[in-house]
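Enquirer: Let me give you the structure first, and then I'll get to my questions.
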Amino acid sequence: MAAVATGNVDKLKSDVASLSQISENEKNGFINLVSRYVSGEEAQHVEWSKIQTPTDEVVVPYDGLAPTPEDPEEIKKLLDKLVVLKLNGGLGTTMGCTGPKSVIEVRNGLTFLDLIVIQIENLNNKYGSCVPLLLMNSFNTHDDTQKIVEKYSKSNVQIHTFNQSQYPRLVVEDFSPLPSKGQTGKDGWYPPGHGDVFPSLKNSGKLDLLLSQGKEYVFIANSDNLGAVVDLKILHHLIQKKNEYCMEVTPKTLADVKGGTLISYEGRVQLLEIAQVPDQHVNEFKSIEKFKIFNTNNLWVNLNAIKRLVEADALKMEIIPNPKEVDGVKVLQLETAAGAAIRFFNHAIGINVPRSRFLPVKATSDLLLVQSDLYTLQDGFVTRNSARKNPENPTIELGPEFKKVGSYLSRFKSIPSILELESLKVSGDVWFGAGVVLKGKVTITAKSGVKLEIPDNAVIANKDINGPEDL
């Protein structure tokens, strides 16, 4: 694909020029991305021998950060420089929900978005600050989000929404945009990954607005990461040290072997993703001995630096080709990631943060963790229960019967106690009563065609259950 002739890009330009659904900025951004891809600029393999482990100056241990000033006035000054931005482009489809993923209920009837707003409200109340919330939507989530944010109109949090770019999917066969083939619905388009956050902030006018209000840093995080809360120590450090970019990383466990890691490469700090690793080194990349940290996608970025780099068109992140199929037609989506931008910023660092700052909810198994007694909810913050002795969370595998939020919720009369659980694997048609306690290693398997009900108040410790006779 990368060897496609330039002539095809010229033809693509004229095809894209006639797409009335998108702006000139989007057309230009798309053509630039395709041109870079065609000239061979997809994620290149790194030279393995040049990789160096970053020092503590580059990846700073969280415990080594200076304490935050105690004077509330000083804290207010810090917060008045901050903007919180949540990536809100994803739908809840993998969890069986329609609409934006951020409106899935997490706990006590509160959604991801409710918790985010409550957290910032509490900060603003406590310090008299005015930290605003930005939501970067995609064309998939924009309309729903506009309606949803109306309920926060009386909040002390200013909420701004803007859209990330909308790019046409590329038909692989003849290098044409899918929408010009008569695919006029949403399937003809895609949002080009969260690397697009930087140009979209600028193109939407939000960047200049925030700079005019004296804002200096944006804290970017996925809306489904419940651990991504404002951290004053990190903000204070970045302002003191004038770091233009900070990526929060955290120690890798065996569950995170595919996550990107930070390396020192040719004198700069850089994100290394699995796609850039030569085949013979993939196992080494996945090991937790050599690469001990991974990217949480919690990012802190200086707004002036974003403006400078976007205006210079300098953010040329590695391109991630994402092949898809739409109605039998092979298409390509070209995407970029926000974490890969780290190498373009001055004085960029990582901060090695506690695992508590990485609590993503990607599936109902994650929802079970955060809805259980393993966590508590206070003031919008989901915090781990200190009564749990094991520092690691239990591993939870739920079968396809639990995949959708609706069916997951209906299968639990109440969420079991899992404070002392190490691992849980559930498969088949299993239903949980109220007040169930799970401890140690538990496997519950309903035989095909059999409904297995776990009775109220059952205590199951280190057991394999294959039928009612095992209870």
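Just so you know, glycine gets a Cβ as well, placed from its N, Cα and C.
So Swiss-Prot lists the following for this protein:
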type	residues	note
BINDING	Leu87, Asn88, Gly89, Gly90, Lys101, Gln164, Gly193, Asp224, Lys362	UTP binding site
BINDING	Gly89, Gly90, His194, Asn222, Ser223, Asp224	substrate binding site
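Help me picture where these features are in the structure shown.
Expert: Gly193 (UTP binding site) has a Cβ environment of 23 other Cβ atoms inside 10 Å. DSSP assigns Gly193 (UTP binding site) to coil in the three-state reduction, placing it in neither a helix nor a strand.
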Enquirer: Could you state, as a whole number of Å, the largest distance between Cα atoms of any two of Leu87, Asn88, Gly89, Gly90, Lys101, Gln164, Gly193, Asp224, Lys362, the listed UTP binders?
Expert: 21
Enquirer: Non-local Cβ contacts of Gly89 (UTP binding site) (under 8 Å, 6 or more apart, same chain)?
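Expert: Sequence-distant Cβ neighbours: Met136, Asn137, Ser138, Asn140, Thr141, Gln164, Pro191, His194.
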Enquirer: Is it possible to get the count of other C-beta atoms within 10 angstroms of the C-beta of Gly90 (substrate binding site)?
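Expert: Excluding its own Cβ, Gly90 (substrate binding site) sees 19 Cβ atoms within 10 Å.
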Enquirer: Asn222 (substrate binding site) to Lys101 (UTP binding site): how many Å between their Cα atoms?
Expert: 11
Enquirer: Can you list the residues of the same chain, besides Gly89, Gly90, His194, Asn222, Ser223, Asp224, whose Cβ falls within 8 Å of the substrate site's Cβ centroid?
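Expert: Output for this site, in sequence order: Lys86, Leu87, Asn88, Lys101, Ser102.
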